[in-house]
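Just below is one structure, and these are the notes that go with it.
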Amino acid sequence: MSSTSSKTNDIENQIPNPVPNTNTTIQQNGRPYDPAMDDAFPERQSPHESDQIASNKGTVASRFDIGRDSWRTHFIAAYGEFCVYIYDQNKYQSHPGQLIMIALGFGFSVMFSVWCFAGVSGAALNPAVTLSLALARAITPTRCVVMWIAEIVAGLAAGGAASGMTPGEVKFANSLGLGCSRTRGLFLEMFGTAILCLTVLMTAVEKRETNFIAALPIGVSLFIGHLALTAYTGTGVNPARSLGAAVAAKYFPGYHWIYWIGPLLGAFLAWSVWQLLQWLDYATLVAAEKEE
């Protein structure tokens, strides 16, 4: 009788448990896998997973499709960008030379716009920030191009509106000052934009409990950038705003290119730092410290 019981136990031990162990951590690329990240970054899914999801829906998935809702979203985003740009342009007319007022105006206007329109389009408001989001695969390349168009059109419209509503000479076009050379201006624009883009990547793209207040550090980073750069470059850090101001003032100096190349290089620099932090797996280190 005992031998029969032992044989039965051996057979039961050989049968695999049909119920999966829910406590097992699924690893993806050597890191803990978070299913929520697939929804936030659909581009991170493997081709097999994307095809499977598309077949379940009965459609062919394409990351380059832009539907009616997407066009409507970016139209609303352009309106939000117009609001923040036109306020920024007018500050130079009302308070020229007052650095604190300029910096506060930019910081608070961007903070306000991000809070209002983040749920609609992400409220990038800046081609350089949009590029950093595309590099981080938070948005698709096609959406990046559409957002660039919306941002540039909004910058041009805001520059024209600010020029038309305020009397006198246009004073909000970017220019080098205090003997700043083109090379120095280029690097100042690059580093100033990198701080802004990295703030966006760390506070808005990363999944954190503090995402709901991302607008605050983004606005503060822009405030700090204007305090540091306004006297030297006029603080471009936004190609769309710089272009709108230059068109309104009919002022295109030979170094206008630094207000494009500098911010775009800053976007690449911010993305590189963000990628380095991802490679160092900083999220795991932070989680381990919290557990201790």
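Positions of Cβ are set from backbone N, Cα and C atoms, glycine also.
Just so it is clear, the model here is predicted, and its values are computed rather than measured.
Per TrEMBL, these features apply:
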| type | residues | note |
| --- | --- | --- |
| COMPBIAS | 1-30 | compositional bias 'Polar residues' |
| COMPBIAS | 41-51 | compositional bias 'Basic and acidic residues' |
| REGION | 1-54 | region 'Disordered' |
| TRANSMEM | 99-125 | transmembrane segment |
| TRANSMEM | 145-165 | transmembrane segment |
| TRANSMEM | 186-205 | transmembrane segment |
| TRANSMEM | 211-233 | transmembrane segment |
| TRANSMEM | 254-274 | transmembrane segment |
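The transmembrane segment (254-274) is in contact with the transmembrane segment (186-205), judged by 3+ CB-CB distances under 8 Å for residue pairs 6 or more apart in sequence. Outside the transmembrane segment (186-205), and at least 6 residues removed from its termini, the chain residues within Cβ reach (under 8 Å) are 118, 122, 124, 126, 128-129, 132-133, 136, 138, 180, 211, 214, 217-218, 221-222, 224-225, 228-229, 232-233, 235-238, 258-259, 261-263, 265-267, 269-271, 273-274.
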